[in-house]
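Annotated in TrEMBL:
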type	residues	note
BINDING	Arg71, Ser72, Gly73, Asn84, Leu88, Ile89, Asp90	substrate binding site
DOMAIN	17-150	domain 'dUTPase-like'
Amino acid sequence: MLHRLEIKILDSRIGQEFPLPQYATTGSAGLDLRAMPEAPLELAPGGCELIPTGLAVHIAEPGVAGMILPRSGLGHRHGIVLGNLVGLIDSDYQGPLMISCWNRGDQPFRIEIGERIAQFILVPILHAELEIVESFETSVRGAGGFGHTGRH
Ligand SMILES: O=c1ccn([C@H]2C[C@H](O)[C@@H](COP(=O)(O)OP(=O)(O)OP(=O)(O)O)O2)c(=O)[nH]1
Ligand SMILES: [Mg+2]
């Protein structure tokens, strides 16, 4: 399903040297985001850097949020994931879209300018209307959690 998304190009290399974020295939869930630092940078093992995407997005609709997720190839093969594990983009955020890049691996990783480094998805959001109650209607699970159903 298509959802209109306002974006601002903050780095003029996007749209000229590098394409706008795209879905790699028609069925791709995420728009690939490119790393747009001033210069390539080497992320040491354990290192974490905030990398600009050269873009701002304004989702505007409170019933929608953005999420930044790792790319599985980079995460699994090279240990390049997100310093915040998942980036949550509020619908009212209008600042630069940033990627916290964390090298959880044991080898240095060079981030090239324009490299597709993470992906952005839009997700529906329900806002909770809190209702204080004295007791819950009993469920099968009750308070069981944290592995109480066992491992196998
Ligand atoms: O990976 C990320 C995560 C967040 N943001 C931006 C958009 C988001 O709407 C804003 C705030 O993020 P969040 O609410 O997760 O961080 P916070 O530490 O709670 O900051 P704030 O107090 O500004 O809400 O920062 C990014 O650009 N990239
Ligand atoms: Mg917040």
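Note: Cβ is positioned from N, Cα and C throughout, glycine not excepted.
TrEMBL annotations: computationally assigned, not manually curated.
Bear in mind that the values here come from a model prediction, so they are computed numbers and not experimental data.
Annotated features taken from TrEMBL, shown on the structure.
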residue	record	Cβ contacts under 8 Å, 6 or more apart
Arg71	substrate binding site	Asp32, Ile80, Arg116, Ile117, Ala118, Gln119
Ser72	substrate binding site	none
Gly73	substrate binding site	none
Asn84	substrate binding site	Ser100
Leu88	substrate binding site	Ala65, Gly66, Met67
Ile89	substrate binding site	Val57, Ile59, Ala65, Gly66, Met67, Ile68, Leu97, Phe120
Asp90	substrate binding site	Ile59, Ala65
Original post:
Using DSSP, what's the helix, strand and coil tally for the domain 'dUTPase-like' (17-150)?
Top reply: 7 helix, 53 strand, 74 coil
**OP:** Filter the candidate list Arg71, Ser72, Leu88, Ile89, Asp90 of binding-site residues, keeping only entries whose CB is under 6 Å from an atom of ligand 1.
**Re:** Leu88, Ile89, Asp90
